[in-house]
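Taking it in order: structure first as structure tokens, then the write-up.
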Amino acid sequence: MKFTLSWLKEHLETDASLEQICERLTAIGLEVEDVDDKAAYKPFVIARVLAAEKHPEADRLKVLTVDAGDGKPVQIVCGAPNARAGLVGALARPGTYVPGIDVTLSVGKIRGVESHGMMCSEKELDISDDHNGIIDLPEDAPVGTSFAAYAGIDDPVIEINLTPNRPDCTSIYGIARDLAAAGLGTLKTMPIPSFKVEGELTTAVKIELDDQRLCPGFALRLVRGVKNGPSPAWMQKRLRAIGLRPISALVDITNYMTFDQGRPMHVFDANKVKGDLVVRRATEGETILALDQREYRLGPANVVISDDNGVESIGGVMGGEHSGCDENTTDVLIESALWDPINIARTGRALGIITDARYRFERGVDPEYMMPGLERTTELVLELCGGTASKATLVGYRGFEAKTIDFPVSEVKRLTGLEISSAESAEILKGLGFGVAGSGERLTVSVPSWRPDVDGKADLVEEVMRVHGVDKIKPAPLEAIGTVNARILTTLQIRTRTARRALAARGMLEAVTWSFISEDQAKLFGGGSAALKLANPIAADMSDMRPSLLPGLLSAAQRNADKGYGDVAIFEVSGTYESDKPEGQRRVAGGVRRGTASIAGAGRMWSNASKGGGKPVDVYDAKADALAVLEACGLPMSNVQFETGAPEWYHPGRSGTIKMGPKVVLGYFGEFHPKTLAALDIAGVYCGFEVFVDAMPEPKKKATRTKPPLDLSPFQAVKRDFAFVVEKSVEAGAVLRAAQGADRKLITGVNVFDVFEGASLGEDKKSIAIEVTIQPSDRTLTDEDFEVLTGKVVASVAKATGGTLRA
Amino acid sequence: MTELTNLQNELLAAVAGAGDEAAIEAVRVAALGKKGSVSELLKTLGAMTPEERQTRGAAINALKAEVTDAIAARKAELKDAAIAARLKAETLDVSLPVRSSPAERGRIHPISQIVDEITAIFADMGFSIAEGPDIETDYYNFTALNFPEGHPAREMHDTFFFNPDEKGERKVLRTHTSPVQVRTMEAQKPPIRIVIPGKTYRQDSDATHSPMFHQVEGLVIDRKAHVGNLRWVLEEFCKAFFEVPSVTMRFRPSFFPFTEPSFEVDIQCDRSGGQVKFGEGNDWMEILGCGMVHPNVLKAGGLDPDEFQGFAWGMGLDRIAMLKYGMPDLRDFFNADVRWMNHYGFRPLDMPTLFGGLSA
């Protein structure tokens, strides 16, 4: 919302400076977004041409001697046809920025003659399009004074960022009312329009709507015998200052009313209207050529004003070209109507029309000003265009019933902490136009027709507070909780945080990738359901909620590789989406390693030169990452099982599933299926994992923080090695479990230290060498004891895997 | 006695001449072994008269002591020399590079770091952390937050929609973290002090807008929390977060459907020199929106607005990250460029705490 200072002062009697006004506007919630104090016009002074000689070298140029009142005439070369001795115009001296031509002047030489400035045209000053000659002021214009002040273009322009709840301040009058209430002056009373009314309105108005709210009132008047020339300079100046192009008196008057009073008006050329005006829903497919010269296709959701010719106007949004007023208009129909804010917003959005009328109607136009607005507009039309006004007609209006609010003044202190007396609260509300009844601590407040945003006590608190001064609210400490704070994070939050730190501590970089990915990628990773598809994605490849972190991470890794950073280890701990329900949003820790980015470090290194340097990442790197997450989250690893194989996007022989019990899947890890990589259009060596942080069970509640007593055996622990020959298909995990199970008391650890395949073992065989740690607890073991235990281990492994002790 | 002197000289020479541990052992055996020259002499002591023993016996014992010491000293010498030789042979080029620690290479994304910073600050004020789903119902995202159907305020949020289900309801990607306010009120009785960090989505993209971004929201509900308390909480937060001794804030009346009264808050800053510095300067920078929880929102959360009251605020997490740590472009947050992550990311062991300072 833009306005000029002088326009504001038309409604506000004030001595306040521009700066004070702007400060106060922001302080009461009308945030000043921009102020143009017109300082750019300051250097332009009124000057008189003392002499105008022909340029010696150019027929069309003149050499002027110009006096700016300081007794030191300057020489200026000028090409304007109207340049002559005696002319009084606007002078710009060297160093001045001339807005209309975007040039900062300097002393120049034109065809050999020095020029010390410029006599400007209106176009050069950016005040109109007139470039036929330089500005030609009356003889008595005060030489040496500011041209802008003389011409009235030094009027500062203020732009406020209006919040959508304040329709009343879509008018300069409303802004003046707010400022006056806030103590910055007095609101001027507007004279009641008075004019002679003759004759009847010949056009009837009918509202044919199923829902009265769509058009709660429609007022119309005919003015005959108008002359629609240009509007007067004062009006043009104001409109231009706020960025509106003057068109004709009738159109300018409606625009003026829109900004001055927040009352959008519409004018029809009465001679182009055929039959009665009917307010109705448009029929499907009906079209209108609107005032912006564009054709709009309408439907029953749009309310229109039509006549026998068809649709003449889109109600409250934009008029039609057909019945618009032009220089030939002699009889004009002036419309002042009310429209449903929601429907206006919908219609405007659907048709893509943004107008000053829509802006106001969708926020809510003062219903009680519908008739006064018509009167004021009529008065302006009669004043500027002449003619005679008919009687007005008003249909559909059921009057305005003010909301009343029971307002205990203590609410102000309760919500804001401010101590404001009941009397001051009442004063403030009255200043804003609220009706206040009662006294003491309980007021009955009635809400004015221009404040549809005010509904209840809290709204009144805001009114009192913003006018009293928000800056008067002093910070007050929140009551301390009075104790050392207990744990505040949930297990899931702690695990999320720990998973991040654990993965970063493994040399991985944390990424945050998009929650939405392409449909193809979503389908590739088990997603792509209709419920998780955006109806209005910002881009085609950001259409589906991701079923997995992996596609985003894999693509990101490849983007880095494409930039020359091929060895990357990245992870993310975030949401994936199984359904559109809250519980369908999972918390997943996922990661991807590419190239040689193992935990030890990427790339070639002298220390691994013997192995060719830079081992490519594989399934075991991913497994270690996945386990690191589970361990960091405090999951007891003894409960965890592994299965070969993972979902189809993984390499079937180089991937695993981590489970707890038969049902709970904790995660997947592995290398990727070549088809997955090909479908993602990425190349290189990758491994990755996903751990479902939300699938881990809540840890068991412990009665005490005390750890169980440490039971240290006084007897020496012993290690024994075994090598078993097994079928190639036998998993090492099975051998480990069997060995461990041979004696759960004595055997405290089992580890694989070698896996060997070779012809000597036979085709389809391999050797798995394990180290078993034995910890006696009650006595030193004898040779016989060891023999028995060895026998148990061998028997257990043989039973479970068919393995035999390697010879 | 010359014979003893000769023997001593002979043995000491042998000790001195022994070149390694084996040679010195041979000298020891030859002198002090069972049949060693000195041992043989000691055996003669038994046959001596007491007088002889007094003189010759003492001389023999002195010889033994002298030789024993010499051998021990030489042995130690040789051992040291052997160690020195071994160490010399084992010398390696310590200028060769080693692998950096993975904990030094890894990085935490600025968003995660900032959430930890915020958690540390608000934990100290007795807040806990609440979360909610990204995919929301229209009810929680708008209606429960007092956005009337068709109100222009809904338009201010460029909402991502899902397709309508069979009942004609369409879910949205939450446009703010505020739905968690009502979800929390439904789940928990006051007093409530929560902070809600999370992902939010709007259909918007440029250097300071991204279709996905992060917000952090705060909510306090009890029987007396008012705007003065809100002001205090925000000032304390900004001081702690930006790690400056003081901040100057400006509250401006504003409008949000879910708060009444509502404010936008500016923070005084200095923008000269290309960087933003808080706690000084002449500029104002808008940093957050806040207000007293609207009675309709309290009602939606099942609370009586005449009994309970409170305040809420919300701000852009990415934005305050950019303000504090200087990233120029929001879109880079989601590009996963390793150079960006290395540069703007945080080391995994740099954990923000109040006792150790939020940032190193």
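Glycine residues also receive a Cβ, built from the backbone N, Cα and C atoms like all the rest.
Whatever TrEMBL says is automated annotation, not expert-curated.
Per TrEMBL, the features are:
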- A:38-148: domain 'TRNA-binding' (DOMAIN)
- A:400-475: domain 'B5' (DOMAIN)
- A:Asp453, A:Asp459, A:Glu462, A:Glu463: Mg(2+) binding site (BINDING)
- A:713-806: domain 'FDX-ACB' (DOMAIN)
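Recorded features from TrEMBL, shown on the structure.
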residue	record	Cβ neighbours (10 Å)
A:Asp453	Mg(2+) binding site	18
A:Asp459	Mg(2+) binding site	21
A:Glu462	Mg(2+) binding site	28
A:Glu463	Mg(2+) binding site	26
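According to DSSP, A:Asp453 (Mg(2+) binding site) is assigned to coil rather than to any helix or strand. The domain 'FDX-ACB' (A:713-806): residue composition by secondary structure is 33 helix, 32 strand, 29 coil, according to DSSP. The average pLDDT computed over the domain 'FDX-ACB' (A:713-806) stands at 93.
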